[in-house]
Structure formats: C-alpha cells, structure tokens
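Student: Okay, here's the structure, questions in a sec.
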Amino acid sequence: MNDTIAAVSTSSGAGAIGIIRMSGPEALTISSSFLFSKNKFLSPSEILPRTAIQCVFQIGDRKIDQILFFYFKSPNSYTGEDLCEFHFHGNPILLREALDAIFRAGARPAKQGEFSRRAFLNEKLDLTEVEAIGRLISARSRFELELAQKNVFGEVTRFTSNLRSQLISLKAECEAEIDFSTEDLTYESLEERKTRIENVKSLCQTLISKSSSAEKLIQQFRIVLYGEPNTGKSSLMNVLLGKERSIISEIPGTTRDYISEEILLEGIPVRLVDTAGVRETTDHIEKLGIERSEKEFQSADIRLFLVDVSKKENWKEFINKSRERLEGSILIANKIDILNSSWDRNLFSDVKDLIVLEISCKTKEGISNLLDAIKERTGKLGHSEDYVLLEERQRYHFETIVRCLDKTLHLLKEGAPAEIYIQEINYALAEIGEVNGKVDTEEVLGRIFSKFCVGK
C-alpha cells in the first residue's frame, strides 16, 4: 500500500455535490498542487488536518471549480492513511477532468472497494464492519438498514469478541491442565466444562437463528390472497396497497393470473399476491390461473383465505371441504357491512391454527386488525433489536463453530483427554478469526500466566 489511490466517491450522474477521495502517502502532496487560494497554490504545511478549506481547484493556470477541501492525517482517517477529499459541484464532466489531473499527478485509479480494503488492512475496520458498510449502502428497507447500522457500529464484532474471550478462557484452562498437571492446582470439573461449552454453543445457535429470521424478512414475506371469485381479493389488495392495482369486477374470473406487488409493512418489504378466484370452470386459461393460485397459496408465508359472508349459506360444508387449506391460514370474512345471518365465526373454532377476522373492504372496517394479525404472524415485525444480520460467509463460520463445539462435547462425553478435544476448540477459535479477520494465538499465553502461578 505504498501507492496513492483516487476515485469519485459519490454516485454517478449530476448532483449538488461530487466528491473525489484520495488516500495514500502522496495524497497531501498531490492535493496541494491543485489547491489555489489568495493568488497562490497552498503548500502541504499550510493545510491543517480536519479543517474545511474553501479554495479553487486549479490545473495549471486553469480554474476548474470553487471547492471545499478536507485533509485527514494518518492514522486518524477512514483508511488509516493520509486521506484527502475534494468537494466539487456535482457535474460528472467536471469531476472527470479533475480526477484525470489527479491521476497525471501521481495517483492511480482505486480498485473496487479498495478504500475499505485499506481500512481493513490498517485495522480501522474488521471484516464484519466492511461487509456491513456494503449492506448499509444497498439496503432496500428500513429494517435491513437498521440491521446494517447495528453491524457498522460493531454488533457482530462485539459478539465475536465475547465468544472469542470465552473460548480462549476455556482453552487456557485446558492447556494449564495439560502443561501443569503435576502442580497442586484445582481445575474445573468435566460437568462444569461441558456447561461452559454448551453455553457458548447456545450463543452461536441463537445468533444464527436470529439471522435466519432477519434474512427471511429481508427477502420478503409472501402474503397470498386466496378464495373463490368475488370474495374481495382484488379489493383487499387495493386497500392494502393504497392504490388501484387489481381490476375489480362483479364478473367471476376477472383475475386470470396472479398479480404481485411490494409494500413496506413496518419498514419491511412484503410481497402481496392477488390470485385468480378458485372455482370449477371449463375455460382453459382460467384453469391455468387457478392452478397457479393453488401453487402460490401452498408456498405462501402468510395465507389470507377470503370468504364472502354476505352470500355463503352452508358454512359446515365449506369447512369440511376447505379444512386442510384453512389450517394455518387467516380466514378473512369480507363484506361484514352486508352480513348474512348464517355467518357464525364460532363454527371455525376447531380448525387448527386458524385466525378468523371480519373486515369490509368497502368501509375499511377491520383492516387495522388484519395488519396487526399479519405483523403477529411474521413475529415482532420491524423490531430490528430482536434480530441480527449475518452475511452468508459469516453464517458459514458460525455454523462451523457450532460443529466444532458439538465435536468437543462428544469427545468430552467419550472421556477423551484434553490434548484431543482442545484441537476442536482451536478450530473454533480459527473460525472466529475468519469471521472478523483477526487471529492472535499469543493471547492464550497471557490468560494462562495471569491466572496461574507458574513463575518458579
């Protein structure tokens, strides 16, 4: 990292501000050759760190733009190197001309992600924080953004630090037992050691579980609206979207294929799917639509089964026919503003895991209760404090740690000596190092010497 890199760090296209960032040993020297103020170019000694300097970016005799310039002296910068920022007016042609001049002065084009790579290599960030920055930039919902923010501010880093500390303490105990077996020292019992390992394993499993739940929410819950024609599926779709997305008609079979649309529910992207009405038909195209409706319904995360309570009479027959589909669904009794006297929600009391809600798409009655039920089904929807987000690479390493600890427990139960099962603890520690890019085996010695009197 002896060279100096530069790149435009704002998004492409025109904007109010365009920023060029430069990092490396020659960043300040190169910068000073373009900073013109009070009829002269500024010398490096005149540029104070962490101070906004208003000046002209000038190439030779040619004034390019009135800019703000910032200098961050190593190691107190994002990359840990000397880092400079030029804040231009955001014209891409202007930025290109300035950047080309910076390259001619000795900097080279930065590679993709190279500023963050240098931050990692200079220990300004660990790998989990680098990955969190990428997630922060690409987040598609408030929920994902909040989870990325937690990782940027060290959520996974703190977890791995705690995990590592516990495993090093465990390893120190085991190594002391091996190396100082002739000393008159008291060690923890096997049961105590098993409990410690189980606790560490449980921490990892909880983390993985929270991440899996978070990933499910980020990847979109699919909520499928299902039922016979004219039960109000398309009307409910429009109500939930807050706009006319599905065609509404009294003619059965209007919706021939499923229609899907994304909404944000408590900051989480949810995919709503309006399906074709299910009925007996000879129309080939409508049959294909109904087949797709069935597939969508079966694969849904949340199933909204709509019925028209203003028309249906024989509810017991309906329950017997639809029981399998009703189980685990939310039954939406629509059109309660024109309720038929035959309707009785208690008829559904023996259907397993069924929520019955009464609504009117026309008057909006019961819609808030439906939204609450959806949130309940998704499990504390939108509360990012209940979740942790792991990248696929991180999850793999934590799952490997769990396997190492499982094997450690197995060896302990089989009566294996510490010399054998300590290797699995070593493997687990190596995996933690892979998570955040830090491995330091010397720390184990420090733990041993601080705990036991060995200096004879």
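In case you wondered, yes, glycine gets a Cβ from its N, Cα and C as well.
What you are looking at is a predicted structure, and each value in this text was computed from that prediction instead of being measured.
Feature list, courtesy of Swiss-Prot:
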type	residues	note
BINDING	ARG21, GLU85, LYS124, LYS456	(6S)-5-formyl-5,6,7,8-tetrahydrofolate binding site
BINDING	ASN230, SER249, ILE251, THR254	K(+) binding site
BINDING	230-235, 249-255, 274-277	GTP binding site
BINDING	SER234, THR255	Mg(2+) binding site
DOMAIN	220-379	domain 'TrmE-type G'
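Could you place the listed features in the three-dimensional structure?
Tutor: Classification of GLU85 ((6S)-5-formyl-5,6,7,8-tetrahydrofolate binding site) by DSSP places it within a strand.
DSSP assigns ASN230 (K(+) binding site) to coil, not to a helix or a strand. Around the Cβ of ASN230 (K(+) binding site), a 10 Å sphere holds 22 further Cβ atoms from the protein chains shown.
In the structure as shown, the Cβ atom of SER234 (Mg(2+) binding site) sits within 10 Å of 24 other Cβ atoms.
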Student: Cα within 10 Å of SER234 (Mg(2+) binding site): which of the binding-site residues ARG21, GLU85, LYS124, ALA276 qualify?
Tutor: ALA276
Student: Give the residue from the binding-site residues ARG21, LYS124, LYS233 that has the most other Cβ atoms within 10 Å of its Cβ, counting over every protein chain displayed.
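Tutor: Result of the Cβ crowding comparison: LYS233.
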Student: Including all protein chains shown, what's the count of other C-beta atoms within 10 A of the C-beta of ALA276 (GTP binding site)?
Tutor: 27
Student: Can you tell which of the binding-site residues ARG21, GLU85, LYS124, ASN230 lies nearest to ALA276 (GTP binding site) in space, using Cα positions?
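Tutor: When the Cα distances are compared, ASN230 comes out closest.
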Student: Counting only residues 6+ away in sequence within the same chain, which have a CB under 8 Å from the CB of GLU85 ((6S)-5-formyl-5,6,7,8-tetrahydrofolate binding site)?
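Tutor: Counting only residues 6 or more apart in sequence, the Cβ neighbours of GLU85 ((6S)-5-formyl-5,6,7,8-tetrahydrofolate binding site) under 8 Å are SER9, ILE19, ILE20, ARG21, MET22, PHE69, PHE70, PHE72.
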